[in-house]
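Below you'll find the structure, written out as structure tokens, and then a few comments.
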Amino acid sequence: MQPKVPLGSRKQKPCSDMGDVQRAARSRGSLSAHMLLLLLASITMLLCARGAHGRPTEEDEELVLPSLERAPGHDSTTTRLRLDAFGQQLHLKLQPDSGFLAPGFTLQTVGRSPGSEAQHLDPTGDLAHCFYSGTVNGDPGSAAALSLCEGVRGAFYLQGEEFFIQPAPGVATERLAPAVPEEESSARPQFHILRRRRRGSGGAKCGVMDDETLPTSDSRPESQNTRNQWPVRDPTPQDAGKPSGPGSIRKKRFVSSPRYVETMLVADQSMADFHGSGLKHYLLTLFSVAARFYKHPSIRNSISLVVVKILVIYEEQKGPEVTSNAALTLRNFCSWQKQHNSPSDRDPEHYDTAILFTRQDLCGSHTCDTLGMADVGTVCDPSRSCSVIEDDGLQAAFTTAHELGHVFNMPHDDAKHCASLNGVSGDSHLMASMLSSLDHSQPWSPCSAYMVTSFLDNGHGECLMDKPQNPIKLPSDLPGTLYDANRQCQFTFGEESKHCPDAASTCTTLWCTGTSGGLLVCQTKHFPWADGTSCGEGKWCVSGKCVNKTDMKHFATPVHGSWGPWGPWGDCSRTCGGGVQYTMRECDNPVPKNGGKYCEGKRVRYRSCNIEDCPDNNGKTFREEQCEAHNEFSKASFGNEPTVEWTPKYAGVSPKDRCKLTCEAKGIGYFFVLQPKVVDGTPCSPDSTSVCVQGQCVKAGCDRIIDSKKKFDKCGVCGGNGSTCKKMSGIVTSTRPGYHDIVTIPAGATNIEVKHRNQRGSRNNGSFLAIRAADGTYILNGNFTLSTLEQDLTYKGTVLRYSGSSAALERIRSFSPLKEPLTIQVLMVGHALRPKIKFTYFMKKKTESFNAIPTFSEWVIEEWGECSKTCGSGWQRRVVQCRDINGHPASECAKEVKPASTRPCADLPCPHWQVGDWSPCSKTCGKGYKKRTLKCVSHDGGVLSNESCDPLKKPKHYIDFCTLTQCS
């Protein structure tokens, strides 16, 4: 049990545990239980917008008799609810609001239930008419989310206080006549428990740890200790709004697009037993609170939380195994929930994330202070987009929003990576690991907004682009109008707990009664009263403040956001050589509020800058400089090498990773990603003029201008027509052993290509290409040492790509003018066959003395397309066209210098099936069976998943009959 504290003091507990709540098992009708589940989800959203994930609070409660009436005339959709409590009148003005429910959402049960196995609820009837939202005492800062079916349930917020209302249980309930027309209700009025709660300092813990860095989104952490890893570089304020980290390439970047998080809510048996018939309503109320939080403009994105399915587990053996081990429970739930999800995103019941609510006290690795747990950055991973929430009352709404934040790749606000963005206000936002008080004007921190924007901009939220077909409508009533302060205390501290009135903490902190050593004490978990909780005559709590209900119109009407003007262009990422600069605009003209839509469209624009050539830096490329910058930080030794010298690695790097700073340890062969992104403006690869922008490769011309169409001609002239150079070529054969010169290529040569084709069907014929520098040193295959794999050779600012000596077509190519002369050689070893080596390159023509202006045509090429295969032997194609000086089609181009339109690629062998030896026969006589292992292996012998191998080539006979001898 949670220790109690004396009256007047405040109990603070870390965010992951809200205390041991008395488990009251109650058996009620299943439909009502499911309604409470829906209401809980609705309240989750409202409270998340007002507070934090699992904060201790102070509460008091009162028995009230709600007065409900419909507005006459044209405003017939408006419902007014009056509550007299805590020495004040609370007037709730409510409008129907079931927008968080999918129109055709499915409610399912697992195991024993009083009703049918699955219910498909019509959103226009059944549940949808139950839910309302609105304001309290007209206060524009207030909010309410209520259900008016089977009594009043829900929460509302007024002037820093949260109010929770629900029907009074047992003998405390007396039914009277309601103030509604008889045709609308045949029931009599019912006493309700109204709880009022204020928030204090302190908080509970989330199960996500911040002591390590976060991996890329496609990593798969298996334990809590690796769940919250982060990229190497810290985000900086000027990076706000820009994507960071690796990810799939998106066609539209820096664009604000509407996202829809289709959600399945799951309640285990402990939830069904505790909440009984009110379960579904309770869950939807929580979720509606969370949904409103994700509509706040401080998140800087258009994110809509919707419920498409609710599943209640009535027999725990048929659900996921739920234990006090939060990490294990999360793993079990993630594995279990996948079986209930349709693989097709077009299925109306397909969900993007699943949330398990349980009354089980969750524990972390050291303490039981865990209120929730989720993996980080997994929203579109069907196997890991899930979270576990410990239900400790309506404050579980905060936990829900917080854990969903982790699923959206948000770290805790006090993580070191957020320090430069959040400043000193890291404990006043939803993603605070220990929330003391919520900044209602900005519930999401700058770091949270930056991280979710980066996450979505880098293509990790593509599954959220489809608008749900049949979302479940969420209740619009404020939670405080559904669950009073007393009921809120019962949710948190047990059925015997009541609200402790405290005028100083009205709306800010909910205090509740308890006993310690036989004495009556007040205790709190420092959560505010639920929005909609009455805080005086005509007033209610909204966002921790007690406000007039008459001000409802100021915050009940949604205001849609609109883009403001573009800001000034920022600093250029490079001082020369072609950098990138940005301009941004904000959704602040006006800022969306009251659930209004966030702006859609491009939020960031970028352009090229400082495109002039850089001064010669010993012939080093810009990527070389970035790799070498890590030399002084790399003191670890590899083998006998005293230190590490880093050089760029291009060969073997996946196209999607070209804009990571992948560097190779010189002379060793190890390579690492030293930075998740190169500096903006860095060329993507030596054979392309495209440049990197925020970790993604974008097209640029040879003039270093983004979106320019200019290309280098064969002479290496940007935008040239190929008329300023001439082709030099030759074919050489040799039979003598040792090293022999083929050709010395002078400085200034462009488009160098040397080909050495081995005999058909042979990987090598005893002859290999080599390169010697002008000073006599070898930069390739010298001293009878061969490089068998594809690699890039960086020499004096020139990058040469070598195919590797084991390739069927041994080849050397260049992509920029040669800075110094190089000699191409052939190495003959053993009884080598006579090699045939062909070379071509282009040299600048000498200046002519006459003034004739000839008509020129040239071959114009486009960039290489994708390889036809990822392994084995594939091909790449590109468009090669003959055009005149004006860019029009022509036919005068010399065919002998026509660039190739195809080239081989993907030389690495494909994964293949490998069978093991047969096992002994299962019988020593007569007909038995034998079997052998089957596995998928890579070209280097590593074991892969079976999906990596060709299923059409899978051996069929890895089990067979056998007969050693006939039985006598």
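Cβ from N, Cα, C; glycine included.
Swiss-Prot tags one of the stretches 124-131, 172-179, 204-211 as motif 'Cysteine switch', and that stretch is 204-211. Note: Swiss-Prot links Cys507 through a disulfide bond to Cys541 (candidates: Cys447, Cys463, Cys541, Cys572). Between Cys500 and the candidates Cys489, Cys522, Swiss-Prot annotates a single disulfide bond, the one to Cys522. Disulfide pairing as given by Swiss-Prot: among Cys368, Cys380, Cys363 connects to Cys368. Of the recorded residues, Asn946 (N-linked glycosylation site) and Asp466 (Ca(2+) 1 binding site) place their C-alpha atoms 31 Å from one another. Helix, strand and coil counts under DSSP for the domain 'TSP type-1 3' (912-968) come to 6 helix, 20 strand, 31 coil. Ranking the glycosylation sites Asn548, Asn721, Asn783, Asn946 by C-beta neighbours within 10 Å puts Asn548 at the top. On the 0 to 100 pLDDT scale, the domain 'TSP type-1 3' (912-968) averages 85 in the predicted structure. With the fewest other Cβ atoms inside 10 Å of its Cβ, the least crowded of the recorded positions Cys463, Cys512, Cys546 in this structure is Cys463. In the structure as shown, the Cβ atom of Cys500 (disulfide bond) sits within 10 Å of 25 other Cβ atoms.
Listed in chain order, the extra residues whose Cβ falls within 8 Å of the Cβ center of the Ca(2+) 1 site residues Glu262, Asp345, Asp352, Cys463, Asp466 are Tyr260, His350, Tyr351, Cys380, Leu464, Met465, Pro468. Here the Cβ of Cys614 (disulfide bond) has 15 other Cβ atoms within 10 Å, regardless of which shown protein chain they belong to.
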